[in-house]
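Before any comments, here is the structure.
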């Protein structure tokens, strides 16, 4: 059955693939570096794990913007094609890391004793589920791929959100879609309050249901910006307020990184594990709004610097994948005093190799498969008066 609503009912132009926001890629670089430093020096950056939270909100924003663009152009979302693109983007590079981890099971390195089980769980995106069910200290069954819990949360969101969004887009006005997404964003907060007790910390931290608000916050921003056409008074207000709030938001995030332990027992646990995750997401939303609407602002100028944007766009995923197993491997091999710089160098080498040998070929494969469909004649989507004055929002830069 076709969609119940004509395709272009969002009035704004969505950025084209060639107009991706370099500042958002630069923000990815900072986010992944926070996580890496945190894993080595949690005493220096006790809240550095919020790099994962920042990634979640970026991903929710970028993916939702992609889906809205496709719906606005065609009146539908090709779920099969979406899942294929996500698989090619995320899974091949992950499988390489899993394969090496499985092989190291047979090597005399302590951290890889459970390499096979960790590799299987990571490849199946189940590390977060296993960790969520462990009330005490995390067992070694997921080491040294315990960090892939966050990929599990993200991939489980990718599995559920596109069909939910498609259902909303087919049946509701754009305003109702925005309100619905906002309500969905609040539900995980209420759920965390219901679940909260100290023994439920792992359940809350690793659960896809209890972390969904951080991804949905980015989705809400994508829907909001899609509704507001250029020159809209509300868009101008949003631009003005994001210009005023990005620096305070960045300062609060920096304070959290510096002073607030996110994992482990602390006086902050209840605040962080109930409302804190959403607060971090909203602070990130302010940064994303500024990056989108204020291309000449200092934040965008810094984060758009070529090295930062290039690393965030091309290496951030590989850096995240490789740093944790390499940290364990080099530590087991006796590297101590120079563990951080040695691991960082090895991580950049492996991430670069992953990008050129695995990730980039898979991206080219995605594009080759799309070309035959573009050459086939298609019926043009219905054009409403609201959409006639703006270009059809075509494909966006993918996450």
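Glycine is treated like the rest: Cβ placed from N, Cα and C.
Please treat TrEMBL annotations as automatic predictions, because they have not gone through curation.
TrEMBL lists 374-399 with the feature compositional bias 'Low complexity'.
Positions annotated as domain 'Acyltransferase 3' by TrEMBL: 22-356.
Per TrEMBL, region 'Disordered' is recorded for 366-399.
The transmembrane segment annotation in TrEMBL covers 47-68 (among others). Here the transmembrane segment (47-68) has Cβ contacts under 8 Å with residues 10, 14-15, 24, 27-28, 30-35, 37-39, 77, 82, 150, 153-154, 157-158, 161-162, 165-166, 169, 211, 214-219, 221-223, 225-226, 253, 256-263, 277, 280-281, 284-285, 288, 393, 395-399 of the same chain, all six or more residues outside its ends.
Counting only same-chain residues 6+ beyond the ends of the transmembrane segment (88-109), those with a CB under 8 A from a CB of the stretch are 115-116, 118-120, 122-123, 144-145, 148, 151, 155, 317-318, 321-322, 325, 328-329, 332-333, 354, 358-359, 362-363, 365-366, 398-399. Per TrEMBL, transmembrane segment is recorded for 88-109 (among others).
Below 8 angstroms of C-beta separation, residues 164-165, 168-169, 203-204, 209-213, 216-217, 219-220, 223-224, 227, 273-275, 277-278 of the same chain, each at least six residues beyond the ends of the transmembrane segment (176-195), sit close to that stretch. Residues annotated as transmembrane segment in TrEMBL: 176-195 (among others).
The feature transmembrane segment is assigned by TrEMBL to 245-265 (among others). Tertiary neighbourhood of the transmembrane segment (245-265): same-chain residues 34, 42, 45-50, 54, 198, 205, 272, 276, 280, 283-284, 286-287, 289-290, 294, 297, 299, selected by CB-CB distance under 8 Å and a gap of 6+ residues from either end.
The transmembrane segment annotation in TrEMBL covers 271-290 (among others). Tertiary neighbourhood of the transmembrane segment (271-290): same-chain residues 24, 27, 50, 53-54, 56-58, 61, 185, 188-189, 192-193, 196, 201, 204-205, 211, 213-214, 217-218, 220-221, 225, 238, 242-243, 245-246, 249-250, 252-253, 256, 260, 262, 297, 299-300, selected by CB-CB distance under 8 Å and a gap of 6+ residues from either end.
Per TrEMBL, the feature transmembrane segment maps to 302-323 (among others).
Marked as transmembrane segment by TrEMBL: 338-358 (among others).
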For the transmembrane segment (302-323), distant same-chain residues with Cβ under 8 A (at least six beyond the ends): 20-32, 35-36, 39, 90, 93-94, 97, 147-148, 291, 343-344, 346-348, 350-352, 354-355, 359-360
Long-range Cβ neighbours of the transmembrane segment (338-358) (under 8 Å; 6 or more residues past either end): 36, 40-41, 92-93, 96, 314-315, 317-319, 321-323, 326-327, 330-331
